[in-house]
Amino acid sequence: MSTLQELQENITAHEQQLVTARQKLKDAEKAVEVDPDDVNKSTLQSRRAAVSTLETKLGELKRQLADLVAAQKLATKPVDPTGLEPDDHLKEKSSLRYGNVLDVNSIDLEEPSGQTADWKAIGAYILGFAIPIILKALYMLSTRGRQTVKDNKGTRIRFKDDSSFEEVNGIRKPKHLYVSMPTAQSTMKAEEITPGRFRTIACGLFPAQVKARNIISPVMGVIGFGFFVKDWMDRIEEFLAAECPFLPKPKVASEAFMSTNKMYFLNRQRQVNESKVQDIIDLIDHAETESATLFTEIATPHSVWVFACAPDRCPPTALYVAGVPELGAFFSILQDMRNTIMASKSVGTAEEKLKKKSAFYQSYLRRTQSMGIQLDQKIIILYMLSWGKEAVNHFHLGDDMDPELRQLAQSLIDTKVKEISNQEPLKL
């Protein structure tokens, strides 16, 4: 740790730099007022950034100085024979040792938590871009998502494409698409776009384009999404025409429609219409005037594609279509089922196997319901009864080798290992 004198010298030096930087900022502001060209504007931005950086650094140094002074005061105090810290409220020492001091200075309580994203602002921002850059960014954050997040964690990245530009004084300038790649400790602003929020809004606004380009997240690929959507219209129409176990059977054959899943969905649509939120209605209205490909009922060729890139909640543009939020919940249960199967067949202790299980459904449910709508569990049951068995049979379980071929190869491995060593052969 720096000594008291070093910190004081550092603070003095930064204060001098800050005075100079503020003077340069004033000069830059005057220059922009006189001649507002790109060079002067760029200089002004860099001057502002320099002042902001110096102010942040100076504040940090002053906090360090205060901490150091406080630590020195504590060090000079006689050690309490009970082992208690001077400001601990306990009268007797706890059985737990003292741990880390967590500095919460950087946390801003005015900022909302992740569940309260401003979808209206996020949607308006995304709709201001050309479709090619949105789809390319979606590809990078879904199909190549794991690598993109790993390479850029803790930063705010910018996507750039020739299709996205703005003209300033007749000059074309790139229009960057900003996405924040948070760490577990990051606090996100309501209008800030994270990979999860981006996948949610992009899939919700442009499902037809996602379908046309067949952009599928690996997380959805392994639960057989590609197979599931292949004959989607036949599948959903057959499902809607089927008899619903949650409706009373009609007394006369002419009223058979009254007991179908279609009728249950019509009743559900009436319930959903009563729980609409104004911000999301405004977003849908704005999207309809732009190039978005929205839909009003689940029996639409591209409706299922809002989940192709595994958004972490139901997209707001599809939230008020009966059966769609529940369809997303069905997919999240399939992800949990596949991970449970993978954990069950893996080698390891019960604790290690439990760690491999997932909670996609709980996360999806919590995030979607925080948008102001309660999921109808009966619809999820209907999906599971109709499609669950078929979906599980099309899971990709990472075991494509024929059992007989595996057994033959394993016997050859066992024989060779025993010939050259006395170690136990591993399983293929």
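Along the chain as shown, the residues are counted starting at 1.
Cβ atoms here come from the backbone N, Cα and C positions, even for glycine.
Taken from Swiss-Prot, the feature coiled coil covers 4-71.
Around Ser386 (phosphoserine), the same-chain residues at least 6 positions away in sequence with a Cβ under 8 Å from its Cβ are Phe239, Ala242. Annotation note: Ser386 (phosphoserine) sits in a helical segment as assigned by DSSP. Feature annotation from Swiss-Prot assigns phosphoserine to Ser386; the stated evidence is experimental evidence.
What Swiss-Prot records for 1-79 (among others) is region 'Homomultimerization', and it gives similarity to another entry as the kind of evidence.
Under the heading region 'Homomultimerization', Swiss-Prot lists 100-125 (among others).
Tertiary proximity for the region 'Viral RNA-binding' (175-217) is limited to same-chain residues at least six positions away from its ends with a CB under 8 Å from its CB atoms, namely 107-108, 111-112, 114, 116-119, 121-123, 125-127, 129, 131, 133-135, 137-139, 141-143, 145, 148-149, 152-160, 164-166, 225-226, 229, 287, 291-295, 301-303, 305-313, 315-318. Look at Swiss-Prot and you will find 175-217 tagged as region 'Viral RNA-binding'.
Feature annotation from Swiss-Prot assigns region 'Involved in the inhibition of IFN induction' to 252-296; the stated evidence is experimental evidence. Over the region 'Involved in the inhibition of IFN induction' (252-296), the average per-residue pLDDT in this prediction is 91.
Annotated region 'Homomultimerization' per Swiss-Prot: 372-420 (among others), in sequence order, evidence recorded as a curator's inference.
Residues or ranges marked as site 'Important for the endonuclease activity' by Swiss-Prot: Asp88 (among others). Residues within less than 8 Å, Cβ to Cβ, of Asp88 (site 'Important for the endonuclease activity') and separated from it by at least 6 positions along the same chain comprise none. A coil conformation is recorded for Asp88 (site 'Important for the endonuclease activity') in the three-state DSSP classification, outside any helix or strand.
According to DSSP, Asp103 (site 'Important for the endonuclease activity') sits in a coil region rather than a helix or strand. Taken from Swiss-Prot, the feature site 'Important for the endonuclease activity' covers Asp103 (among others).
For the region 'Involved in the inhibition of IFN induction' (252-296), DSSP puts the residue distribution at 32 helix, 1 strand, 12 coil.
Every protein chain considered, the tally of other Cβ atoms within 10 Å of the Cβ of Asp103 (site 'Important for the endonuclease activity') stands at 9.
Across the region 'Homomultimerization' (1-79), the DSSP tally of helix, strand and coil residues reads 70 helix, 0 strand, 9 coil.
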